Structure formats: structure tokens, C-alpha cells
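Quick look at what Swiss-Prot annotates:
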- 1-188: region 'Enoyl-CoA hydratase' (REGION)
- 308-706: region '3-hydroxyacyl-CoA dehydrogenase' (REGION)
- E116: site 'Important for catalytic activity' (SITE)
- E138: site 'Important for catalytic activity' (SITE)
Amino acid sequence: MEKTFNLTRRDDGIAILTMDVPGETMNTLKAQFGPEISEILAEIKSDPHIRGLVLISGKKDSFVAGADISMLDACKTAGDAKALSQQGHVVFNELEALKIPVVAAIHGACLGGGLELALACHQRVCSDDGKTMLGVPEVQLGLLPGGGGTQRLPRLVGITTALDMMLTGKQIRPKQALKMGLVNDVVPQTILLQTAVEMALAGKRAPKPIKKSLVNQVLEGTSFGRNIIFDQATKQVEKKTQGNYPAPAKIIDCVRQGIAKGMQKGLEVEASHFAELVVSKESEALRSIFFATTEMKKETGAEGATPRKVKKAVILGGGLMGGGIASVTTTKAKIPVRVKDISEKGLSNALAYAYKLLDKGVKRRHMTPAVRDNLMALMTTTTEYKGVKDADIVVEAVFEDLALKHQMVKDIERECGEHTIFASNTSSLPISQIAEAATRPENVIGLHYFSPVEKMPLVEVIAHAKTSPETIATTVAFARKQGKTPIVVQDGAGFYVNRILALYMNEAAQLLLEGQSVEHLDKALVKFGFPVGPITLLDEVGIDVGAKISPILDKELGERFKAPAAFDKLLGDDRKGRKNGKGFYQYGASSKKTKAVDETVYGVLGIKPSTNKDAKALAERCVVQMLNEAVRCLDEGIIASPRDGDIGAIFGIGFPPFLGGPFHYIDTLGAANLVKILEGYQSQFGNRFEPCERLKTMARENVSFF
């Protein structure tokens with residue numbers, strides 16, 4: 001078996017320990033490395049000629065990306081997981097206890113267990129490269145740093161900074177890491193090893209005192225002040241997680257106990273809490289999402305098809321969506337973009353939108369003005385079809401008007417090459433209808449982005465019956481280069497995400513008309529785990545947008561999609577939501593901090609607001625509609641698998657990640673239980689709650705999706 005760790009000795013007495021996991025592009029920590037590391041440490045301790053040790057990666061752009069997450073699935077009990085954490089503690093404690101200076105030379109990803117390894121070293125130096133990022137993202141998998149991170153990080157950078165890193169999972173850039181005391185130096189990659197060797201030769205040095213604000217000095221320097229920090233962090237966590245995620249509270253407890261009772265006690269608490277989280281249903285769900293997205297990155301979207309390289313893109317429409325799509329194409333994919341709009345104003349807006357996003361990076365010192373300007377230079381504009389002939393893909397982001405989209409298809413087929421892909425960003429019109437205007441329908445596909453484009457990770461790649469496999473594969477690859485998570489769905493009204501969202505939103509509107517208050521409804525679904533409530537979402541998306549989509553779904557998919565009368569009443573009062581400052585909530589300068597309901601909306605709807613229904617019951621009524629429709633989409637072949645359905649719902653509409661997605665959640669509930677709930681509502685409210693056939697079959701046969 002090939003070794004992962006290689007120890008070499010220099011003439012100056014410094015030993016270099018290189019980590020290079022055989023056959024993998026990135027280093028990850030595995031349980032089986034324990035004996036190998038212990039053997040090397042014993043060798044180092046027994047050699048009096050070794051004056052210092054430098055730990056470095058043999059990978060091109062990765063220090064250590066973290067622990068191998070698949071190890072956790074092998075843990076059948078909390079005891080197994082605890083033993084895993086304790087094994088890490090033993091190795092890292094042994095490294096830290098070496099009498100010679102130990103320096104971590106970091107280039108590339110230094111995350112999770114990788115950062116915990118670096119923290120066990122006496123000093124750290126990292127490259128100034130953009131690929132170098134440091135962090136402890138375990139909380140995003142429903143876990144905590146289980147290799148001593150909850151103890152060493154607060155002692156190095158301070159309690160407040162450490163809690164911020166661990167509770168958010170944020171990744172830190174090199175200069176920021178130096179400023180906060182996480183690393184001792186930042187240098188160009190070309191002299192990284194040399195600098196680390198010089199640090200080791202200089203011997204162990206006491207860490208520099210952390211620069212803290214006066215307030216932080218007072219708070220962190222006394223037990224009374226520290227209690228204030230921990231109590232405040234707990235309140236913020238409870239507000240943010242609504243009690244749905246156990247990891248943040250356990251992270252706070254690890255730090256609290258470690259600071260109060262000492263490092264050894266802190267490590268014991270860390271191992272116990274880590275073990276409990278590993279076997280929790282929340283972490284299992286979050287890890288399933290991680291594995292699903294990792295698996296999807298290896299797929300082309302069309303079996304056996306090879307994607308063509310996209311060297312140039314054209315965006316039709318300079319509005320909010322067009323500007324956003326153009327922006328991610330230049331900034332993320334680094335692909336030249338030509339934006340075409342009928343008006344100079346639309347083009348100016350698209351350029352301004354892209355510049356504003358890039359300038360944020362400059363202001364936050366994530367990029368230089370020169371880099372911003374070079375990326376902006378990739379974007380050019382036109383009011384006519386000039387400079388579009390060599391486009392490999394054209395993304396259409398114009399109004400939801402079929403005749404207009406037909407004209408766009410004809411224009412592109414006339415002006416561009418025979419292999420140019422026409423990708424429509426329609427949110428509701430079937431792609432087959434758009435392709436009716438094409439002489440090359442195999443090049444027509446849907447590419448449905450979500451707003452705001454630069455923030456929302458999902459795109460739906462929609463294939464109609466005649467879309468070629470090569471077109472699908474090329475579009476999927478293009479979306480990935482934009483930093484998106486694409487799921488391939490088949491053609492049909494509403495596709496997948498908007499289809500399952502529509503019934504959820506309709507049910508919320510129905511509950512509103514039954515007299516439930518706006519705040520009560522929104523709070524109920526936020527408590528369930530959604531990032532925002534359905535009424536807030538309706539205001540953000542636009543009440544007029546919802547009203548346009550509903551008739552299309554109603555016509556194509558049937559009576560259950562018929563929108564409640566609320567939409568017509570609201571639009572009759574010119575309420576479109578945030579976009580025109582008039583919706584369910586108040587908008588304006590005074591409403592920025594505390595969002596208040598516009599009480600006049602109740603008069604428009606003809607209701608008296610009430611909070612008389614249980615929050616769990618409200619959430620259940622909305623969510624079961626979404627679950628039922630998700631299974632219908634799977635049954636009809638709209639989505640290829642339960643995995644894709646889970647990813648689409650989580651990344652497209654914020655379905656609670658700790659539940660793992662609609663299909664994982666159905667497995668948790670049990671199909672028989674869900675059918676029973678749906679039939680109960682069907683008897684009360686009618687056939688819109690009728691369970692789909694597949695759910696009934698699953699209930700009878702007692703089967704699950706995973």
C-alpha cells in the first residue's frame with residue numbers, strides 16, 4: 001500500500017513531512033492514517049538531528065480539504081464516532097507536544113480537519129494565492145470541528161472570532177487570516193517552503209497577542225464578560241436556526257466548557273458532542289446533500305454525450321435576469337459575453353448591475369480594481385445583432401411572451417451558427433412550445449435561473465423531446481462554469497421547482513383568505529425551516545408574477561393549480577410587492593429594520609386577521625402539497641431521481657436542508673403517514689389534497705425512496 005506521508009531530512013536539520021494521498025486530487029484525512037502518522041512522529045522524536053518540522057502538501061492546489069466525510073457513514077453508533085474524534089485528538093496532541101518547532105506551510109484549501117491539523121502545529125504560514133482559504137465548515141454538515149478545533153481556535157484567535165468562524169463555516173482569505181492571528185505570515189507560493197523552513201530554524205515563538213477591540217478585551221478577559229458572549233451567541237443561534245439545527249448550540253457549549261474547565265475537559269466535551277451530531281438525523285440529511293451535489297458534479301446530464309466548449313455567450317435582454325446571467329458568465333465562468341437589448345437603457349442597466357457586483361469584491365478587498373476592470377472588459381453590448389455570429393450559446397431572458405420568444409429563436413437561427421444553442425430562461429412556458437419556431441429544435445433548451453442570479457445556486461436545464469444530448473451536456477457544463485448547481489428536468493409547465501412551489505404558495509394564500517394573519521403564516525413556515533415565509537416570498541418575487549404563472553399551470557396541469565382569488569384582489573389594488581413598494585408588507589426608509597405588515601391588505605382581501613391555528617398545522621398544510629407534487633413530478637419523469645428532486649427543492653426554493661429535501665423528508669415521515677395526512681385534508685378541503693398514485697402504492701408496499 002502506497003504511503004500518504006513522506007518524511008525527508010534537510011542538511012540544516014529541518015525535516016519536511018509531505019502529505020499526498022495517493023490517487024486523489026485533494027488531500028483528506030482518513031482514520032487509517034493514524035498509525036502511519038504516529039510511526040512518523042515516533043521516528044522524529046527518536047532522531048536528535050531533527051531541529052524542526054515543516055508540514056506541507058504534495059498536491060498542487062490543496063493543503064488538506066478536511067476529513068473524509070465518508071468515514072462518518074461507517075460509524076454505526078455514537079461510540080464509533082466518539083472513538084474517531086478521540087483518535088484525532090491523540091494524533092494532534094502528539095504533534096503539538098513535539099519539543100521541536102512544527103510549522104504548517106499552507107497553500108490551497110485548508111479546511112475542517114485540515115485547519116485543525118494546522119492549529120496543532122506551533123506556527124502557520126500560508127501562500128497569498130486566491131486558492132488558499134482557511135476555515136472550519138463542519139457546521140454546514142450539521143457537525144462541529146471534532147479534531148480539537150473548538151479548543152485550539154478560540155485560544156489562538158479569541159472567542160468571538162472563533163465562534164464566528166465555527167458558527168458560520170465561513171472561509172478566510174490569507175490577508176484576513178494574518179490580521180486575525182490565524183497564521184503567522186503570508187508569502188508568495190514560490191517562497192512558501194523556504195519561509196516555513198526559516199520559521200522552523202528560528203525556533204518556537206510565543207504567539208503574538210491578538211489585536212482586540214477594547215470591548216472584546218473586557219468581555220473575553222473576565223468570566224462575566226465571557227458569559228455575555230456565550231449568552232448572546234446562543235440567542236442569535238436560536239433566532240437563526242429556529243431550533244432546527246443542533247450543531248451551533250453544541251459548538252458554543254464546547255468552547256464555553258473548554259475555556260472554563262480547561263483544554264482536556266474541552267476535548268472530552270468536543271468528542272461527546274461530535275459523536276451525538278454524527279448520528280443525528282439532521283447531520284445525516286445534510287451529509288446526504290453534500291454527497292448528492294458531489295456526485296452530480298461528475299455527471300454530464302446526458303449519458304454518453306460530450307459537452308462542446310463554450311468560448312462565447314450572448315444574453316438577450318438587459319433586465320435584472322439578463323444582467324445577472326451576464327455577470328456570472330463573466331465573473332465566474334470567465335467567458336466573454338455580448339448583451340443584446342433593444343434599448344441603450346437596458347444595456348446600461350446590465351453593465352451597471354455587473355459593475356456593482358464586482359465593485360463589492362473590490363470594496364471587500366477580495367479583488368483589485370484591475371481584476372474588476374478586466375472582468376468588465378469581457379462584457380460588451382449591442383442594440384442590434386452585431387458581434388453574435390460566433391456565439392456558442394445564446395441565453396434568452398426577455399418577457400414571458402411566446403410570440404416574442406419565437407421571434408428570438410428565428411433571429412438567432414438567422415444570425416448565428418448552426419451549432420449555436422438557444423437557451424430560454426423562461427420560468428413557465430413549455431420549451432417545446434418555444435422550439436416550435438426553430439428549424440433546429442435540437443439546439444433549443446431551457447435554462448431556468450432563479451433570482452437573484454448571483455446568489456441562487458440552482459439552475460434547471462430543461463430538455464424537450466427533440467433536444468440533443470450534446471446540447472444538454474454543453475448547457476450543463478456551461479451552468480457549472482457559472483458556479484451553478486444544474487439539475488436536468490424534462491419539459492412541462494412550471495418544470496419542477498415552480499411546479500412544487502406553486503401548490504405550496506397557493507395553499508398559503510388559501511390560509512390567508514381563511515383569516516390567518518400574514519405574520520402568523522410567515523413565522524410558521526420559517527419555524528418549519530424555510531429561509532422566508534411564503535407571503536414574504538410572494539412580495540419578493542412579485543404578486544403579478546405569481547398571477548401570470550398560475551393560469552399557465554392551471555391550464556396545463558389541472559384544477560388543483562387554480563390560484564385563490566387573492567391574486568386578483570391584490571392586483572386590483574395595484575399591489576405587486578416590493579417592486580412597486582406595495583404588497584403585504586410596508587416598504588420604504590422607515591421599514592428597513594423592522595418589517596411590518598401593511599394592515600390595509602386585510603381590507604382588500606375582506607378578512608379579519610387571526611392567529612387561531614397552530615403553527616405546525618399551518619406549515620403542514622402547505623408542505624404536504626409540495627411533497628405530493630414532488631412525487632408526481634418523479635412519476636411523470638419531470639425529474640430523473642429523488643436525489644435531483646431533493647437538490648432542486650433545497651437549492652431552488654430553500655426547502656429546509658436539515659430535512660434532506662422533499663424525498664428524504666417523505667422517507668422520514670413514512671409514505672403511509674403522509675397518505676393518511678393528505679387524505680385527512682382531502683376530506684376537509686377537497687381533491688387538491690388527493691395523494692398521487694405512487695404515494696399510495698408506496699404506502700401499501702411499505703417502501704421508501706432511499
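Every residue gets a Cβ built from N, Cα and C, even glycine.
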Checklist outcome for this item: Ordered by sequence, the long-range same-chain Cβ contacts of E116 (site 'Important for catalytic activity') under 8 Å (at least 6 apart) are G88, F92, V136, P145, G147, G148, G149, R152
Item to check | Residues satisfying Cβ distance under 8 Å from E138 (site 'Important for catalytic activity'), sequence separation of at least 6 | outcome: G112, L144, P145, G146, G149, M166, G169, A247
Item to check | Stretch-averaged pLDDT - the region 'Enoyl-CoA hydratase' (1-188) | outcome: 96
